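Have a look at the structure below before the remarks.
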Amino acid sequence: MNDETLREQTTAESEETSPTTPSPEPEVVETLPLIPLEGAVVFPYIVVSLTLDELGSASAEAAAREGRQVLLAARRPDAPADAPITDQLFNVGVVARIEQLGTLPNGASGVVVRGLVRAVLGEAVQTTPYLRFRFTRRPDVFERTPELEQLMVEVHAAIDAVLELRPGVTQEIRNFVRSIDDPGHLADNTGYSPDYTFAERQELLETFDVSERLRKVLMFYRKQFALLEVQAKLRQEVQESAARQQREFYLRQQLRAIQKELGEDTSEAAELDDLRQKLAAADLPEVARKEADRELSRLARINASSPEYQMVRTYLEWLAELPWNKYTGQPIDIAFARQVLDEDHHGLQKVKERILEYLAVKQRRAALGEENLRANREPILAFVGPPGVGKTSLGQSIARALGRSFVRMSLGGVRDEAELRGFRRTYIGSQPGRIIQELRRAGTADPVILLDEIDKLGIDYRGDPAAALLEVLDPEQNHTFTDHYLNLPFDLSRVLFLATANTWDTVPPALRDRMEVIELSGYIEDEKVQIAQIHLVPRQLRANGLRPEEAVVTEDAIRCIINEYTREAGVRNLERSIGAVLRKVARRLSEGEIDPANTPFVVDAAFVRAALGRPRFTNETRERIDQPGVAIGLVWTPVGGDIIFVEASAVEGKKELTITGQLGEVMRESAEAALTYVRSRARSLGIEPDFFETHAIHIHVPAGAVPKDGPSAGITMATALASAATGRLVRDDIAMTGEISLRGRVLPIGGIKEKALGAHRAGIRTVILPRRNLIDLDDLPPAVSAEMTFIPVDTLDEVLSIALLPPATTTDTLTVAQRSDVLTPAS
């Protein structure tokens, strides 16, 4: 043992005193105590201090007794704790000499060691009470070739360049690195760079070839140099920017001091004072005032050239310009409100009555005091109806009756929640949402805000705008509405919200629950004539530069436009057409074709046809229903009621049913049910027993480009099928609607009022409908009820007995008067 230890000491001394190239010698297997290292790598030639655990301390004490040489090897970080000790350690370590062994101030054992030479571990000889391993020494073996010398020069240069960029590196350290002439020593000394990871250090230790080790070091330091060069450039830019800002700040402070001495004010100081005055005049709530004061103090400390200065300034300007406590509403006068509604809108009596009731309740509750007003909040009114029936103008009339500002906020196509609630101030270009923007534009905290086209809100990955409206329209929450940009509560409880929609089905249920629906149906012809004479014609005369004494539009001309050019539920296209006609008059007056002495120029039906061209709509009912297999049905659409033609045809051939016209699933099922019922009644209808076995049935609903669905065409399809199978014509003065069951029962459907108005517009005055829908006729205008006949039915047999003409009868030989004895007016 003494001989072995002596040989180890001699070898170590030889390595330390002669770092020149050793001669290759046969590998000698030795044994030494081993200290396992946690997350550390020791290189040859390096002196380090280590903290020891119990096992390492025992190994160090054994080594000190035997000759002060010890093995050092790092543990593998991914090795299981219960694995054999040989599997826990890297197989390449270092032989080191213990320079000092003792106790650290914290009571743990410590040791100072000097690395001597690399070692390749063998098997464990002893594991308790300390570790002892077999190993072989792996001294550096190299030949000083020109290539190696050039490699050392490049490594020296790379290390020197990195040290040059590192702050705090002394000249003494640079000189020490330059003085290292041994290639292996040079490579190993770099292993303690703080930029090396544990894995990179172990990889460097396991590289026995000196040239390869130097190449790895060179590659590493070149990467470090590139990284440090970028960091140095960025650091220099930051320092220059900071120095420039500091210099500007110093100069500005000097300029302020000089201007103050001269009695001059600076623009920044003036801006701050102006903002303070605006914020003081804005009558901010306590929470908003504290936030404004905090942001003002912050603004005073920010350089005016900084982007943050503009962001804070814009935010404070928003706070100053919002109408926090500005109210313009007048006490509600119900008589004045009725007068305004009657002036602005013709008809709509039930709608006006509901609005007046709504305003009366607000008036009574306002008289009871603010506390009661907050305790029981009224619902939000939603006007639902076809385009052009006056939904938006009703909101304007309500605002005029209340003496408030009117704001129309179109929601059609809005898909981003932030459009309503605003963008947070962390984003560049952020701003408040449209609700806060409209309040600033209105200049008052109690305007009438009309949420137009609320049924056309969209939804995508940016959020659900309908969900954002829940807080806005909820009377229990909107007194603390928080916009993302302001990040402050704003009281919306005094705002009168109204909404409009063409259809109620697409509005989310939670949003529907917060609103009360007021339905507006389409206008009948007489109402349109009155609206045109009172409102549309005078407005279009002014719009086209005509005086009332220069042009007169007759009632016949208006009816011509209604019936032949604008078959619609509302009056929007009617106004456009009147404008188009009056533009022709204005041009003729300007060109001298009309003698001013002969004014007023009378616009009659003939002039309308000449101005607007070929009529867009004609009464084609008789032409389209002059063959068996065609029946007239009624449909409801978002733009009002209308008629449809259902066609059925029976062709000799294979038994099958074909359905065309882009019909939905419900309509297809109605067609199948209608066919089944007609087949079941074949004998009573006089249809041959094998007719449906030898004929292919085709049902078609024209306007194939328009999707159609719903159950209300059931009796129409059954009537068309019965007509096609029997060869009997369907009456051309009757339209029908109703769902059919397999037993021939006629079931109730919806949209009766709109469908009846659609039939009236199309010139049809007799309608077959389910008996259980008679109650819906109470909503019809009296003028329509007086002109139309409604026939309630319970079964399809009743429908067929009324709608089908007798065999061999044509629509030309049977007059309406002769048919009237079949019909019974609705009771």
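Cβ coordinates come from backbone N, Cα and C, glycine included.
The region 'Disordered' annotation in Swiss-Prot covers 1-27. The domain 'Lon N-terminal' annotation in Swiss-Prot covers 32-225. As annotated by Swiss-Prot, ATP binding site applies to GLY385, PRO386, PRO387, GLY388, VAL389, GLY390, LYS391, THR392. Marked as domain 'Lon proteolytic' by Swiss-Prot on the basis of sequence analysis: 625-806. Under the heading active site, Swiss-Prot lists SER712, LYS755.
For the pair LYS391 (ATP binding site) and LYS755 (active site), the Cα-Cα distance reads 20 Å.
Other than the site residues GLY385, PRO386, PRO387, GLY388, VAL389, GLY390, LYS391, THR392, same-chain residues with C-beta atoms no more than 8 angstroms from the centre of those residues' C-beta atoms, the ATP site, are PHE383, THR500, ASN502, LEU520, ALA569, GLY570, ARG572. Taking the Cβ of SER712 (active site) as centre and 10 Å as the limit, one finds 27 other Cβ atoms among all the protein chains shown. Rounded to the nearest whole angstrom, the C-alpha distance between LYS755 (active site) and SER712 (active site) is 11. Most Cβ neighbours within 10 Å among the recorded positions LYS391, LYS755: this distinction goes to LYS755. In this structure, of the binding-site residues GLY385, PRO386, PRO387, GLY390, the smallest number of CB atoms within 10 A of the CB marks PRO387. Put simply, of the binding-site residues GLY385, PRO387, GLY388, VAL389, GLY390, the one whose Cα is nearest the Cα of SER712 (active site) is GLY385. Counting only same-chain residues at least 6 apart in sequence, those with a Cβ under 8 Å from the Cβ of VAL389 (ATP binding site) are LEU520, SER521, GLY522, TYR523, ALA569, GLY570, VAL571.
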